[in-house]
Structures are given as C-alpha cells and as structure tokens.
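According to Swiss-Prot:
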TRANSMEM  7-29  transmembrane segment
TRANSMEM  68-88  transmembrane segment
TRANSMEM  101-121  transmembrane segment
CARBOHYD  Asn135  N-linked glycosylation site
TRANSMEM  139-159  transmembrane segment
Amino acid sequence: MDKLTIISGCLFLAADIFAIASIANPDWINTGESAGALTVGLVRQCQTIHGRDRTCIPPRLPPEWVTTLFFIIMGIISLTVTCGLLVASHWRREATKYARWIAFTGMILFCMAALIFPIGFYINEVGGQPYKLPNNTVVGSSYVLFVLSIFFTIVGLLFAGKVCLPG
C-alpha cells in the first residue's frame, strides 16, 4: 500500500465522518431569532423558546429533503465500502481500482444531495423559496460539515487517482 493510497483512505474516512456528523446534527438551517431559535436538520428539528430547554422532534421532510437524505446515506455507504476496499488493497492490489469507482459514485451522490437540498427551502419552518433562504435564516454547521465531506471526497479521489502527486 503506497502513501497516496493511505492519504486517500484518510481523506475518505474524514469525509465519511463529516457526512455522518452532518446528518446527526440538527443544524442544517438556523433561524437564529432571539425570541425562538429554530434549527432544522434532516433527522431532527429543534427549537429554543425564550431561553427554555431546547426541544427536538422528528421533522416532516419535503420530498426534496427525503431525496437529499437518501443520497447522503448512500454516499456514506459508498465511502465506508471505499475505506474497506482500500484496507483490503494491502493484500489484493486490484481492490484499489474498485475503491476509486465506488468513491466516485459517493462523490456524485453527495453532489446530487447538495444540488437538491436547497430546493426544499420553501417549507413553512424556513419560509423561503427554492434556492433562496429568507434574510433572517442561514445555513448551519451541519451543512458546512456536509460541504467539507464533499471537499474531502474530491481531494481523496485526486490522491486515489494519483492525479495530485506531491513534489
């Protein structure tokens, strides 16, 4: 197993962890209002009213966000399989070729999720339009983690494909 394979494996693992954290954290969209802060995630929606304890419930997702969640979960599975194949490539060199293609599939799934997610900004809790959030609403830390997972997946693919050679 060469250094580039190890580097790409670490990048894929980091992307996998960031994607899992983005789903687990309910901060994809944040209203940040002082009276009642609302954070909307793909698996939980949390609200804090006038300094009381934060209350979380499962959200009613629009079809666009269900599709986004599906693509992210499939991308996570792809990156997990990729990491396993990169470990297996220590004994069977041809596993690297399959790992690259599965990681590429994961990247496509993540990019599709990133394109589809903003279409769901029209829901009542957010109050925006497709691809346009209202002025008082911002994307939260979960979305940033998800974008980082896309970035690490792309850089990992560059190393796995030996496109990005050091020195």
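Glycine too: its Cβ is placed from the backbone N, Cα and C atoms.
Long-range contacts of the transmembrane segment (68-88) within the same chain, counting only residues at least 6 positions beyond its ends with a Cβ under 8 Å from a Cβ of the stretch, are 1, 5, 8-9, 12-13, 15-16, 19-20, 22-23, 42-43, 61, 95-96, 98-99, 102-103, 105-107, 109-110, 112-113, 116-117, 120, 146, 149, 153, 160.
Remote same-chain residues near the transmembrane segment (7-29) are listed as 39-46, 56, 69, 72-73, 75-76, 79-80, 82-83, 86-87, 103, 110, 117, 121, 125-126, 133, 137-143, 145-146, 148-153, 155-157, 159-160 (criterion: CB distance under 8 Å, separation of at least six residues from the stretch ends).
Within the chain, the transmembrane segment (101-121) has long-range Cβ neighbours (under 8 A, six or more residues past its boundaries) at 8, 12, 19, 28-29, 61-62, 64-65, 67-69, 71-72, 74-76, 78-79, 81-82, 85, 128-133, 143, 146-147, 149-150, 153-154, 156-157, 160.
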